[in-house]
Each structure stands twice: as C-alpha cells, then as structure tokens.
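S.K.: Okay, so Swiss-Prot annotates it like this:
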DOMAIN    3-144  domain 'RNase H type-1'
BINDING   12, 136  Mg(2+) 2 binding site
BINDING   12, 50, 72  Mg(2+) 1 binding site
C-alpha cells in the first residue's frame, strides 16, 4: 500500500465589516514546494471565509492525502472536530434547536475532509506565525480588491 502524501495547509479568512467584502487565503506546502491561493467575495462573513479556505484547499488535492491543516479559527476547528457530530445527529440543528449557520459550508467541509487524514491544528492569529501571517495578507488583499463574486450561500 502506498503511503499518502503529507501536505501542510495553512488557511485564513477575512471580512471587512462582517458582513461585507471578504476573502480567504491559503498556503500549501508539499516537499519544499509552496502554492498560494486566494479569492474574494462581494458580501460575506468572516466565519464563511474561515470555512471556505480549508474547503478550497482540500478540494484542490487530487488524491487522498495526510494533511496538517493549520488555522487561527477556533470556530472552524471546534466545529469540524467537535460540534459537527451533534449537528449531524440533530439534523443540522444546534443544541438550542436553531439551524446551524453556514450549513452549506459545513456540509462541504465535512464531505471533503472525509477523503483525507487530517490533523486539525490551531495557531494564534497575528502572533508572528509566518504562514498564518501570509494567509492573512492574501485573505485581506482579496477582500480589499473590490470583489464582485457572489457568495451564493450567504444569508443575512
């Protein structure tokens, strides 16, 4: 059996105004090679961008991989590691019996994460972590670039 490739992924989301223009930034490292991705949306939220970044990164992988995914978003990390199990059992409802926010993205993240073996890591934002800082710049730049793309799942 072939060993899965080990990919290091760093992600961040940004939103100006929250809601407002937003963007995500991704840095991917594999065997000394680095790939960066970013994109912006006209109207979204910070949490949606924090979720979309790992989705886009994981969906870009062409085969099942071992992934170390690092983000400064406790919302994303806690959600995918802990909360999602209860939400799925309750039909995507919270413990307060309200619909889970950003359910479209949570479902996408759940689906794509099952294809890979993922170590979900958290890093404190704006604390000098090089890849996280780079993701922050990419995400903020995408949000500031007057994006016109529509975040179809955003519901104010």
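Using N, Cα and C of the backbone, Cβ positions are placed for all residues, glycine too.
In terms of burial and nearby residues, how do these features look in this structure?
M.R.: Per-residue confidence over the domain 'RNase H type-1' (3-144) averages 98 (mean pLDDT, predicted model).
Annotation for residue 136 (Mg(2+) 2 binding site): spatial neighbours 12, 14, 25, 125, 126, criterion Cβ-Cβ under 8 Å with sequence separation of six or more.
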S.K.: Once 12, 50, 72 are set aside, which residues in the chain still have Cβ within 8 Å of the Cβ centroid of the Mg(2+) 1 site?
M.R.: 11, 13, 14, 49, 53, 71, 73, 76, 125, 132, 135, 136, 139
